[in-house]
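For reference, the structure is listed below as structure tokens.
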Amino acid sequence: MKAQPKASHFIDGEYVEDTAGTVIESIYPATGEVIARLHAATPDIVEKAIAAAKRAQPEWAAMSPTARGRILKRAAEIMRERNRELSELETLDTGKPIQETIVADPTSGADSFEFFGGIAAAALNGDYIPLGGDFAYTKRVPLGVCVGIGAWNYPQQIACWKGAPALAAGNSMVFKPSENTPLGALKIAEILIEAGLPKGLYNVIQGDRSTGPLLVNHPDVAKVSLTGSVPTGKKVAAAAAAELKHVTMELGGKSPLIVFDDADLESAIGGAMLGNFYSTGQVCSNGTRVFVQRKIKDAFLARLKERTEAIVIGDPMDEATQLGPMVSKAQRDKVLSYIEQGKAEGARLVTGGGIPNAVNTEGTYIQPTVFADVTDEMTIAREEIFGPVMCVLDFDDEAEVVARANATEFGLSAGVFTADLTRAHRVVDQLEAGTLWINTYNLAPVEIPFGGSKQSGFGRENSVAALNHYTELKTVYVGMGKVEAPY
């Protein structure tokens, strides 16, 4: 098989197999071909991974942040040297076009290792607090063994986004990728060892829904970071809360993207397309509710239709391809079901809505789809679809659109397109979301915090904020005189 790894798991610096685990077949979404066959972690594999992480962590934490950072920065260099190889693996794993993966997947993972490797020494400093004759100081200390649970839309990126800050702060990690995309994280673990990371600090185990609870409920795990769905997030949060474990989670969204009538039309349409069709719509922060001011609605839709129908759908390994298949048949069928529901509830289909011609019929392809005349009550405007389905809604004024944009259980992201920056800042101040964009969309460089509010989770990926989530504050009071006691 074209992408078969040496074994299913990577524990304590080496590949490990246990064929007693449930079989996981890695399927190339473009052809339906089985490209690798792995096994889910048994309870014994879970124990081995956590034991390795627990054993290795204290010595790693005792190293200077500069020394830890040097290893992470070397991992970033190796990832960049092998960007093509890693990008092709990511395309096989996810079905995303090589045109995307070569600029957005391993590269963002490398950015994460480089960034956290570079800031560890400075960002982990504490404070000195003078108290007259006495004084106190604070220091940030690692949590211990951390668990990362990944999603299938950006498997390599997520493996790095969770691993880099955890390791920079002096923790160890056990990472479980999605069973849909099991391959990329194994390569990240390999590269970290090559970069000089001591064995046991970054372990990868495969698994399904039964594996997560074994990790989350383990008494030696101090922290859990999840990227996934809201229902999964609630289960993980409840389990972590029962043991008072640290937890951060980046969950789903149904984000608003607001286009005022003074916006640059081409830029706004480009932002809406990036916020709906990139990665075949499988991005949690997508602006899938596109609110367009009524005055420009017709012009917006006409040009959007032209540009959408010009998207090149095809072989993900062809660098001309702009839209690949969905990650799995189950996900494609789910999206097609939402499209049928949209039509049944009265939304107007502008373009797309089906399976494209002239592609591999065994692949899980779907047309980029645009609905107009969508109302707030429709299912496609309320529920996360996680596919290339854009809902265009009309609005008249600012107060109306802000209220409607906020009328959702989610709060991951939002975007505003307008030539009036005063209005843009006024609107984003009112929008209930964790990550917002003005006159652009879905850019998430490692330097800025990324995360949501409401049902979209809590905590932040990236930036110094992420590093803080992998540490806790220790306060030390130093008495400089004799103790006076009334006893």
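Just so it is clear, glycine is given a Cβ too, placed from its N, Cα and C backbone atoms.
What Swiss-Prot records for Lys162 (among others) is active site, charge relay system. For Lys162 (active site, charge relay system), applying a Cβ distance below 8 Å and a minimum sequence separation of six or more within one chain yields Cys146, Gly148, Gly150, Met173, Phe175, Ser225, Thr227, Glu461.
All protein chains considered, the CB of Glu250 (active site, proton acceptor) has 28 other CB atoms within 10 Å. What Swiss-Prot records for Glu250 is active site, proton acceptor, and it gives sequence analysis as the kind of evidence.
The active site, nucleophile annotation in Swiss-Prot covers Cys284 and is backed by sequence analysis. Neighbour count (other Cβ atoms within 10 Å of the Cβ, all protein chains): 24 for Cys284 (active site, nucleophile).
Annotation comment: Swiss-Prot describes Glu461 (among others) as active site, charge relay system.
Sequence annotations record features per position, and here Swiss-Prot assigns K(+) 1 binding site to Ser26, Ile27, Asp93 based on sequence analysis. Residues within less than 8 Å, Cβ to Cβ, of Ser26 (K(+) 1 binding site) and separated from it by at least 6 positions along the same chain comprise Ala3, Val34, Ile35, Ala36, Arg37, Leu38, Asp93, Thr181, Pro182, Leu183.
For Val230 (NAD(+) binding site), the Cβ neighbour count at a 10 Å cut-off comes to 18, with all displayed protein chains included. What Swiss-Prot lists as NAD(+) binding site is Gly150, Ala151, Trp152, Lys176, Pro177, Ser178, Glu179, Ser229, Val230, Pro231, Thr232, Gly252, Cys284, Glu384, and the listing cites sequence analysis.
Mapped onto three states, the DSSP output places Gly457 (K(+) 2 binding site) in strand. Non-local contacts of Gly457 (K(+) 2 binding site) by the CB criterion (under 8 A, 6+ apart in sequence, same chain) comprise Gly233, Thr248, Met249, Glu250, Leu251, Leu412, Gly451. Feature annotation from Swiss-Prot assigns K(+) 2 binding site to Leu244, Lys454, Gly457.
In three-state terms derived from DSSP, Cys284 (active site, nucleophile) belongs to neither a helical nor a strand segment and is classed as coil. What Swiss-Prot lists as cysteine sulfenic acid (-SOH) is Cys284.
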Quiz prompt | Shortest C-alpha distance to Glu179 (NAD(+) binding site) - which of the recorded positions Ile27, Leu244, Cys284, Lys454 | solution = Ile27
Quiz item: Nearest to Lys454 (K(+) 2 binding site) in three-dimensional space, by Cα, is which of the recorded positions Ile27, Trp152, Val230, Cys284?
Solution: Val230
Self-check item: Of the recorded positions listed as Ile27, Leu244, Cys284, the one whose CA lies nearest the CA of Val230 (NAD(+) binding site)
Solution: Cys284
Quiz item: Where the distance is taken from Cα to Cα, which of the binding-site residues Ile27, Trp152, Thr232, Leu244 turns out closest to Cys284 (active site, nucleophile)?
Solution: Trp152
Exercise. Please report how many Å separate the Cα atom of Thr232 (NAD(+) binding site) from that of Leu244 (K(+) 2 binding site), as a whole number.
Key: 18
Practice problem: Give the maximum pairwise CA distance in Å, whole number, for the residues Gly150, Ala151, Trp152, Lys176, Pro177, Ser178, Glu179, Ser229, Val230, Pro231, Thr232, Gly252, Cys284, Glu384 listed as binding NAD(+). | Solution: 24
Quiz item: Judged by the number of other CB atoms within 10 angstroms, which among Asp93, Glu179, Glu461 is the least packed of the recorded positions?
Solution: Glu179
